[in-house]
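Visitor: Quick paste from Swiss-Prot:
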SIGNAL    1-19  signal peptide
CARBOHYD  Asn23  N-linked glycosylation site
BINDING   Trp39, Met40, Asn41, Asp42, Gln60  substrate binding site
ACT_SITE  Asp42  active site
CARBOHYD  Asn64  N-linked glycosylation site
Amino acid sequence: MLLQAFIFLLAGFAAKISALMTNETSDRPLVHFTPNKGWMNDPNGLWYDAKEGKWHLYFQYNPNDTVWGLPLFW
């Protein structure tokens, strides 16, 4: 009985790991926000709009370089 529970638990973990490994952008974090390209400053201004049912996250962003510099966008 204990062995069956362990195998069931192990199969569940294997399925989750498999799903994570099939991520098309495996070199990017799966939990933390990152821009598609460029540099971003620390995120701030996270808020939930209950009317729209959406989360909003604000950060400084430079799409043209991987370091801080102008132009910066919000």
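Placed from the backbone N, Cα and C atoms, the Cβ positions cover glycine too.
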Visitor: Any same-chain residues 6+ apart from Asn64 (N-linked glycosylation site) with CB under 8 Å of its CB? Would you list them in sequence order, or say none?
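Guide: Sequence-distant Cβ neighbours: Gly38, Pro71.
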Visitor: Between Trp39, Met40, Asn41, Asp42, Gln60, which of the binding-site residues has its C-beta surrounded by the fewest other C-beta atoms within 10 Å?
Guide: Asp42
Visitor: So how far apart do the substrate binders Trp39, Met40, Asn41, Asp42, Gln60 get, largest Cα to Cα in Å?
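Guide: In whole numbers, the farthest two Cα atoms are 10 Å apart.
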